[in-house]
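K.L.:
Could you have a look at this structure, given as structure tokens, before my questions?
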Amino acid sequence: MKRSLLKTCSIIAGATIIFSSLSISRNPLEVQAASMRSASEIVQEMGVGWNLGNTLDAKITNLSYNTSPISFETGWGNPVTTKAMIDKIKNAGFKTIRIPTTWGEHLDGNNKLNEEWVKRVKEVVDYCIADDLYVILNTHHEGNWVIPTYAKESSVTPKLKTLWTQISEAFKDYDDHLIFETLNEPRLEGTPYEWTGGTSESRDVVNKYNAAALESIRKTGGNNLSRAVMMPTYAASGSSTTMNDFKVPDDKNVIASVHAYSPYFFAMDTSSNSVNTWGSSYDKYSLDVELDSYLNTFKSKGVPVVIGEFGSINKNNTSSRAELAEYYVTAAQKRGIPCVWWDNNYAETNKGETFGLLNRSTLNWYFSDIKDALIRGYKNVHPEATEDDKPSTDVTNPDSGNTKPDSGNTNPGTETTTPTDNEKISITSKINDWGGAYQADFTLKNNTSSDINNWSFKIKKNDIVFTNYWDVKITEENGYYVVTPQAWKTTILANSSIVISIQGTGKVISNFEYKFD
């Protein structure tokens, strides 16, 4: 996810933490490749998880290669990770820990990893393995060199493969509780395309980087021959464009990875459009539609999916945050999708990316109500973890209280181009029909040689009900939806296109009527 407050939201300065002296009883080398479970089997067991955020992923560019690992680990203000900290997560009922890890700062001029850094990462992984937790180990905050363009591909790929070869060798004998994740949110950082679905080129290169990392992992042998490997879409985005363009290598143990801080205006937004409450039938239905899009898209590609990051920030609205947390996890578990809460140990009210749940210095919970809600969400579907409690793919209709079976069919989309009265911009729409709900993807093409800023257009309502959107703001005016961009979508570069996605319910319209002011 976007981390604009990484250094400023460091917490608990001056706290003194001592390494735990607890022994680690589990042997992470005890499972051989022949007994490694499939990715699909593992996903069914991962449950609800927790991110050790802003810790091993602290990107400190002014520290030298030989700086002690602990200086990096605590560089953004978080305390040293201890076994007691991991025990706290385990005892709360979480089943998975994601360990975001930055490696680029620990490569020398020959792209060799610092052995002390590898040793420290293994130590933290071992804390988790000892507690029978699933562990997601990734490459995080590598965007300064993992740049998804054709121009950079030839230089990035060898370095990425060398990095993953070294990581894989270090962990090749760990059992199937360890899951690798090739990349975090690979994207065109600092460009208008960063959080808007990228370009066809960048999405293609992300697929190639994923495949290159997987190839390096498999070549190291041992348990890595069949280890579950997570792979993100472009920017780990759950938009229809990024998911549809996600390519799965010919490998039965791949897991798709998306990040879903949903709904955005409740979960992350701090602007004047922000909302502080959640829980209506409309809210729940919108989230169900979004989760169905993940399930159906990746099911059609033959892979399971994990939501590697989700959560909501502190706006002094704990009750609504807890309600969303429970519903989110329950709905995801019904669809067989594990969710991993992003925790950066920052919990102040109305201070930006305040996702913290556990105070890592005191080992007390900032928000025990939210923690309990997350675990309840899992237990709602798995009350006793019996055979009868396996996740289903039922879709809940919040208005009726009944469930309907997932048809398993996804309309790949019908595409139409509608002439507009604005020669500068043309619009193409593509409809992905899920049955009872749909997603409309609008491609806006700038037909001029100059950038277009602050665009807007109207869509005739025609009995349409739009329910969910992130990149735009929508108001109603004289029988039209008025669509205006969020700040990150205001510019359409010269001779370029952007894509916006709007989800809706009811009648599916194949030919929208557009109008420019």
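Yeah, the Cβs are placed from backbone N, Cα and C, and that goes for glycine too.
Here's the feature list from Swiss-Prot:
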| type | residues | note |
| --- | --- | --- |
| SIGNAL | 1-25 | signal peptide |
| ACT_SITE | GLU185 | active site, proton donor |
| ACT_SITE | GLU309 | active site, nucleophile |
| COMPBIAS | 382-392 | compositional bias 'Basic and acidic residues' |
| REGION | 382-424 | region 'Disordered' |
| COMPBIAS | 393-407 | compositional bias 'Polar residues' |
| COMPBIAS | 408-420 | compositional bias 'Low complexity' |
| DOMAIN | 416-517 | domain 'CBM2' |
K.L.:
How many Å separate the Cα atoms of GLU309 (active site, nucleophile) and the residue listed as 'active site, proton donor'?
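P.N.:
If we compare the Cα positions of GLU309 (active site, nucleophile) and the residue listed as 'active site, proton donor', the gap is 10 Å.
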K.L.:
Look up the residue listed as 'active site, nucleophile' in the DSSP assignment and report helix, strand or coil.
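P.N.:
Reduced to three states, the DSSP call for the residue listed as 'active site, nucleophile' is strand.
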K.L.:
Hey, what's the Cβ neighbour count for the residue listed as 'active site, proton donor' at 10 Å?
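P.N.:
The answer is 26 other Cβ atoms.
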